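The structure under discussion appears below in the form of structure tokens.
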């Protein structure tokens, strides 16, 4: 569970986000283990007065420092490829399409299945909201539902990034980037524009609200009635 003033990664709220967190944990565990092992060998050799004084060559040492790094690289590559293919899971049939268009300096959201469109700007700061993290119009999406996200830009390069979902999609003018993900749990998640796009780059937050399918249908009816 995430806590205030924490220095670790955000909790993964989708399969992709959780797989990337696991990848980070495994890689850090391997790196720390290698660092501790190398430090221990170095200190042992420095403190020993007789160790390796008469060793000129050793096939066992050659075999060890050749095979051991290969095994480590194989483990890291297998975990990384698993996370990569989990992130690019196009076999999942989407039940909902959601389009994102980046502007200087706000986001435009469009639900083509319901013909709902609105803009999302940085909300003026109040004591009840997160500074530079909350928007006036949230993205409303149902959880446990495969969603296809299509991202593009209307002016310069932006990047639609939500760390807890494991999503970072570059918004490039004239190009559409798509990805499919399924939110695992309900709740609020926050993101931001992760590509320097001008003077107000830091004022382009992303707020996504994952709700139940019933509440999402009520929201769709409310939005269609107002339009």
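Glycine residues also receive a Cβ, built from the backbone N, Cα and C atoms like all the rest.
Residues annotated as domain 'Cytochrome oxidase subunit II transmembrane region profile' in TrEMBL: 1-91.
Sorting the domain 'Cytochrome oxidase subunit II copper A binding' (93-222) by DSSP state (H, G, I as helix; E, B as strand; all else coil) yields 16 helix, 63 strand, 51 coil. The feature domain 'Cytochrome oxidase subunit II copper A binding' is assigned by TrEMBL to 93-222.
Residues or ranges marked as transmembrane segment by TrEMBL: 23-43 (among others). Taking Cβ pairs closer than 8 Å, the transmembrane segment (23-43) reaches residues 9, 72, 75-76, 79-80, 83 in its own chain, all 6 or more past its ends.
Annotation comment: TrEMBL describes 63-85 (among others) as transmembrane segment. Panel annotation: around the transmembrane segment (63-85), residues 16, 19-20, 22-23, 26-27, 30, 34 of the same chain, lying at least six beyond its termini, place a Cβ under 8 Å from a Cβ of the stretch.
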